[in-house]
Structures are given as structure tokens and as C-alpha cells.
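Peer 1: Handing you this structure, nothing more for now.
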Amino acid sequence: IRCDRFDAASEAVNCLMPELIAVAAQSAELRNHWYAVEFLSTLSGEMLVTMIYHKRLDDEWMKAAQALQQQLDISVIGRSRGQKIVLKQDYVTETLRVGDRDFHYRQIEGSFTQPNAAVCRKMLEWACARRKAWGGDLLELYCGNGNFTLPLSRYFRQVLATEISKTSVSAAQWNIEANWIGNIKIARLSAEEFTEAYTGKREFTRLKESGIVLTDYAFSTIFVD
């Protein structure tokens, strides 16, 4: 099925799609065995494009992709089986205003992020609007890159957030530091592992290395998105 426009995507993505095809069509290195493309954009105009191939990517492809990257003012990643070539960077930084504050999020290619920034902002505002019933400490399971964690942290004494993806944990740690938030800690545990740790059935070196002592927390709220 031919698709020249995808209305669910941002206007920036829709504008870039035909430009990307037109530029790539001029280069055999870029167009041959080009299988798929993924876009990650931000409200401020950052654009990360992942070009996926059914061939081995070599130096000639890199030269052509660098020229495309410069011409379209985007960041390009090339992927093939067993290959990931990052020409500039493998992330974008999104800024979302929630209430009276801007929150900055590093969103890494290949990891889960909320796909619609405008809807995401509404989700965050909705969650924060329930704060009157909150207090104490927050436990968030599977926090991703800290999407909800950051704004919710303003309404709790301490926040412990769990996540199993190393990539998402890394992004969440960056986001915490970039937003100057001091009451959040991230534990790389599944929900089952957290339960084992919290009930004392099992000890995890990961918690000790992160300086997390579960008895320091008095959880009043559990949050799962």
C-alpha cells in the first residue's frame, strides 16, 4: 500500500518523508536494499531518522548518508543485521511543559517513548492533577526514561522507579540529572524482582551499588503506566 502522508505523525515527519525519498533516490548507496525507515521528532524540530537495510553497510554508504544528513539537517542512523551505525547521535531531546515547569527528556532510538508529544503532555498534566490525594513516597514500576517520574517527583518525599531496559535506565538517569531533581532513584529490576527484594526474599547487588535501601521508603502510592 502506497502511503504519501501519515496524518498520525507530526507535520515535521510528513514534510520530511518525500524529501528523504527524493534525496535517497539520487544515490545508489542509499536507495539499494533500503527496506524501512523510522522517524523520531521533537516539538522543537529535532529529527532522528533510522534507515534500515537488507545489506551490509560500508564506508560508501556512510559517505552518502553523511551528505544526506547535512543536506536535510537531520541525524541519521543506519541499521542492518548485526549493524548499527550512528553518524551523529542516537537520541533527541524533547522538552515538555507541565504546569509551570519545563522538563527535558532524552529519547533514545530504539527504546520506548510516548509517540505523540502533545498527547503525552496532556497525560502528564492529568496525572499531576491528582496530586491532592498523594504524599509520602512513590513507587513507579517500569518507568521507561522517566516520562512520568520527573513531574510526579514534585509531589512526593522520595521516588523509587524501576525499569528493566538498560537503555531506558541510562536515559532516565540522564533526565534526572538534566532536570536537577534530587529525590528520584532508579532500580534496574522487574516487578517480580522488586517484590522479592522488598519482601526480603532476595538481595540484589544492583540495589546496593545504586545506594538504594528499601527500608528507607514508606510507599503511599504505586504508579504503573
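Cβ coordinates come from backbone N, Cα and C, glycine included.
As listed in Swiss-Prot for this protein:
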- Gln114, Tyr142, Asn147, Glu163, Asp225: S-adenosyl-L-methionine binding site (BINDING)
Peer 1: What residue among the binding-site residues Gln114, Asn147 has the most other CB atoms lying within 10 A of its CB?
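Peer 2: Result of the Cβ crowding comparison: Asn147.
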Peer 1: Look up Asp225 (S-adenosyl-L-methionine binding site) in the DSSP assignment and report helix, strand or coil.
Peer 2: coil
Peer 1: Tell me whether Tyr142 (S-adenosyl-L-methionine binding site) sits in a helix, a strand or coil according to DSSP.
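Peer 2: Reduced to three states, the DSSP call for Tyr142 (S-adenosyl-L-methionine binding site) is coil.
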Peer 1: For Tyr142 (S-adenosyl-L-methionine binding site), just count the other CB atoms lying within 10 A of its CB, please.
Peer 2: 17
Peer 1: Using only the Cα atoms of Gln114, Tyr142, Asn147, Glu163, Asp225, which the record gives as binding S-adenosyl-L-methionine, return the largest interatomic distance in Å, rounded to a whole number.
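Peer 2: The widest Cα-Cα gap among those binding residues is 16 Å.
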Peer 1: Can you name every residue in this chain, apart from Gln114, Tyr142, Asn147, Glu163, Asp225, with its Cβ inside 8 Å of the center of the Cβ atoms of the recorded S-adenosyl-L-methionine site?
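Peer 2: Output for this site, in sequence order: Phe112, Glu140, Cys143, Gly144, Asn145, Gly146, Phe148, Thr149, Ser168.
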Peer 1: When a 10 Å sphere is centred on the Cβ of Asp225 (S-adenosyl-L-methionine binding site), how many other Cβ atoms does it contain?
Peer 2: 13
Peer 1: Under DSSP, is Asn147 (S-adenosyl-L-methionine binding site) part of a helix or a strand, or is it coil?
Peer 2: coil
